Amino acid sequence: MAPVKRKLYQRLLFFVVFLPISGVLCFSELFFIKEPHDVTAIRREAVILDCQAHGESPIDVRWLKNGVKVLENERVYLLSNGSLYISEVESRRGDKSDEGLYQCLAQNKYGAILSQKARLTIASISAFAIQPTSTVVTEGSVARFSCKISAHPPSIITWEFNRVTLPLATERITVLPSGVLQIHGVQRANAGNYRCIVTNIASRRRSTEATLSVTAAPKPHPPQRPRVIAGPQNISVSLHQSAILECMATGNPRPIISWSRADSKSIDVYNTKVLGNGNLIITDIKLQHGGVYMCRATTPGTRNYTVASANITVLAPPSLVEWPESLTRPRAGTARFVCQAEGVPTPEITWFKNGEKVQSNGRIKMYNSKLVINQIIPEDDAIYQCQAENEQGSVLSMARLIVVMSEDRPSAPRDLRADTVSSSAILLAWERPQYNADKVIAYSVHYMKAEGLNNEEYQVVIGNDTTRYIIDDLEPARNYTFYVVAYMPMGASRMSDNVFQHTLEDVPLRAPELSLTSRSPMDIQVCWQPLPGKLSRGRVSAYRLSYRTSTENTVSQIELPADKTQYLLENLQPDTIYLLRIVAATSVGWGEQSAWTSHRTPKASSARVPMAPELHLEPLNCTTILARWQLAPRNSVSVQGYRLFYHEESQSERAPHQLRALDNTYTISGLDPRKKYHVKLLAYNYVGEGYQADQTISTPGCVSVRDRMVPPPPPPHNVYTKTNSSTAVFLHWGRPAFTSSHAVNYTVRCNPVGLQNASLVLYLQTSEQRLLVRDLEPNTKYEFAIRLHIDQLSSPWSPVVYQSTFPDAPTQPPFNVKVTLIEEDTALVSWKPPDEPNVAVTHYTILYASRNAWIAGEWQVLQKEGTITMALLENLKPGQIYFVKVSASNNMGDGPFSHTVELTVRADLSSGHDPRLSRGSTQSTAFSDGFYHLDQKSMTGITVGVCIALICIIICAFIIICRGKNRKFSAVKTLREGVNTSAGHLGSHGQAENADGSVPMMRENHFIDAKGGTNLIINSLGPVQPSTEKKEKWFSFSSNVKKDSKAVQNMRQGTASYQPGTTVLTYEEELSMSPGQPTTLQALLWRPGDSEGSSNSEGSHATGDSGRYSHDETEMTNLSSGTGSRPPSLTAEDSGGSGCSGPPEQSVQLMEESQIDLKLLESVENGCCHHDGQSSSKSALSLQVCVPECV
């Protein structure tokens, strides 16, 4: 017997353990073997929608069309396997059409499940949205025809030329699947009639014919910049479909079209190909293909190009990332199902219980893609399905909830009663459970509003020592429902019976919000909206309207019945500010009065100004108000625009927002929650401002008192930005994973990085998950953040993302263009960049041509980098007049050309007169202006600094002279003063920058040559010519040098002897200097390798660059540097000579140096150290260390 009992116990234990688990597993036996799929059918055709379910019998199958049960008839009925058969598809309008979304619902004893949605579409072709139009083009140019039509299924578009079908692609003709016909290199044979043919399984349509006329092209063909005449458009493409980006450009010579991505990623070469002459087609498109694509049309052999861009958004059907799992829970427990999906656009999550949509209530909540069921009851035992759906399709997943019943739990609390205490409190009382009452450890009181859907349920837990509780945070004049649950260590009891009770009325919490307008100069129309129940706290019984002028204290009052929502105040004073307020009352008493609202009556004038617009305000969320208006029907005068004012009730009025006459909406963003704002709107015309409309409105709270226990929704995620153009940025983001029946709105915040003025932050509202932000500044970095709003709840801002707009193409030409002849066949052209902020210049284009070439339209082209503002024009012909113009360009396109500048090249240059000297005065002025054009502040600073330096030099020189002990060597001192003066003057003018020593004087026939081999100095304004006057002095202080002609003569001869062991600088003149060698001053001012001849310039032909001359131009900027860029040796030397304000030790040091210098001449006379004047020296300056040779 024992073994038999043991086996019996084992079987019982097996059933006890397995039954709950089997309940979880059995639901899997109810599933679909076949589900319906999308079908496109022809009218009167038979259609079968498959549905076959498998599971524990019996299984009942029903069909739903657009959520409503399908009624069977002789034309529509179910097959034995559960499929739906339609013998003849009807396409009549309204409910009689068979088109729609179909679902199969299968049910057995475990519950019911829904199949995926299948769309039945009847094949059709609509009328043409765009038809080809006649056009006239020149021979050799391009022609384009387009037709657009909507068809299901998608149609095939072909083209006919003179009623003969054209091939889809030839060398010059391209037919795009989108319905575009392109003809490149138009010939006279292409003239004729064109039309498109649209075909699908439903029917065939032909467009109207369009005529192509071809005219003769002018000869010779003038050069034309590349221009995109049909660029790509922003498109959204479904996954695995094809995307077509059109790019058709014209120009002379014919431009080359290339494609790239704005994010610098490579284009997929396996799924992408070029169709025709530059159109891009992407087949089997995937998510990674999404982004901004740029079409670039470039003139062959040049850098001239133009760019057009478009964004591809790849749409993807939903796919589940996390599935709900089946659960077993005890009664009064909590069940949580999780379901997350992804797709583009972001799918919406819907929950179903046994095939019916789950409604949120106090026990059941849906948020963050979760379904939470509290206080589980036996009726919650069912099959639950999660459906993720977007416009691309839907997907479902299911799970089962099994409710386990326990017999040793307490029974429900009994005899629940509710009594009203006040307008916000209700007293609850109940009896203890009939069974297991001694095991109760706590009670939970549950309550929620009785009216409405999706009300939030609130719970309060109290101890087991009482059966009474007062709930004191209720709303006045509301009905509530209550129930109580008892808890013990083993679990919770069933719910008690529900009881209903209402709270008492109270005085209104707030006054209505006023809207004020004037119909004439002597009246004010007062309007208000009835208070909502949450604010009225009962039934409103009366209103009281008070008003007075702003200058008087006497208040007039009018009491109005509760059904009134407007009142006309008459017999008022024109052009007077009136203050108005209102208060509401219930049966309990009067509520709080509103704040005074001001309104000015119009002037008593016969001038015809616009009437007051009809203004409507609507809060979109807790920080945004939408203002809508329309002109009054009786308004008969013209309107030039609107002015909108708004301010917080306790603050002063702000400056108005100017709006166009066509505007009728405006979004006021960046407001504070739970604040009252005053909005004023008026129209104006050429006569003056019209009548104004005033209105007050309150922003709602972002999180109300009742919603404190509900966490705010999460912010949008995966914020994606792409620059669309120089003024637009495309944004796309994902909706966070939560479910709600309320509409979701988004606020996009946009502002430049580093913006200090908060009032300039841009706030945009949208209900979509994508937005194209327009009207941005070119070449500016912006920051974006997004938050969502749902049912007066606002999420935090998403993480900030940054994106920069493309630079805009230049719209202004370079200015101050100057052309100067610097050699017989070479001219220098200089310019200044366009005066445009936020516009980057990558290169300049210089066009120049002689008069004959200009008449023939043949320009020679030079291009320079954007950092260079001068260029050489070489190989000019004598006796010709040249025309020069310059334009600026960047990656976005080319700017306009400057005004044409003329240059005359002289024909007779045999007289030996240097043509560069013919403009001596002009060039002297250019030299005095400096290499850079300094502003007034810089010139003032330099002038003051030079003056101070000269004063110090004069004072120091005077001190040295006065303290000299030996008058015998006065000529030597005079020479030193001249040396210091010349060096200081050169330093102040910034001419000697990279020299290793200072030069006391420079001879008049030595000049700096930028190209090598000639005596020429070039700055930003052209060549600097020397003065023709043959004077011995350079500067105002050089006359002192003549005091001792012998000393000067010795320096010019280049031979000098100094004290042994002393390092000195000598100035030597090389008589036999070859033309290829640099001059004396060149060796002083130029670093090795900086000077290059123009004969070695590369690329200075008609379409090239002026080669290495641009490098020389960049290096020559060193000539304009101040004394701060001098070598340390010179700087120390100068500072020692001008340190008038230094300590006394420096004066002593100067005296010692003067005595050492006196010994210099003694060593010269003794001849202890000699310098060989015949030694070879490529540089005119040499350092010599005198070694003692005589004892």
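Cβ coordinates are placed from backbone N, Cα and C, and glycine is handled just like the others.
Taken verbatim from TrEMBL:
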{"type": "COMPBIAS", "residues": "1091-1100", "note": "compositional bias 'Low complexity'"}
{"type": "COMPBIAS", "residues": "1116-1128", "note": "compositional bias 'Polar residues'"}
{"type": "DOMAIN", "residues": "20-121", "note": "domain 'Ig-like'"}
{"type": "DOMAIN", "residues": "126-213", "note": "domain 'Ig-like'"}
{"type": "DOMAIN", "residues": "226-313", "note": "domain 'Ig-like'"}
{"type": "DOMAIN", "residues": "318-397", "note": "domain 'Ig-like'"}
{"type": "DOMAIN", "residues": "412-506", "note": "domain 'Fibronectin type-III'"}
{"type": "DOMAIN", "residues": "508-604", "note": "domain 'Fibronectin type-III'"}
{"type": "DOMAIN", "residues": "609-708", "note": "domain 'Fibronectin type-III'"}
{"type": "DOMAIN", "residues": "715-808", "note": "domain 'Fibronectin type-III'"}
{"type": "DOMAIN", "residues": "813-908", "note": "domain 'Fibronectin type-III'"}
{"type": "REGION", "residues": "1086-1146", "note": "region 'Disordered'"}
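Contact count against the domain 'Ig-like' (318-397) (Cβ pairs under 8 Å) is highest for 715-808, out of 508-604, 715-808, 813-908.
Looking just at the domain 'Fibronectin type-III' (715-808), the mean pLDDT is 84. Assigned with DSSP, the residues of the domain 'Ig-like' (226-313) fall into helix, strand and coil as follows: 3 helix, 48 strand, 37 coil. Residue counts for the domain 'Ig-like' (126-213) by DSSP state, with H, G and I taken as helix and E and B as strand, are 3 helix, 50 strand, 35 coil.
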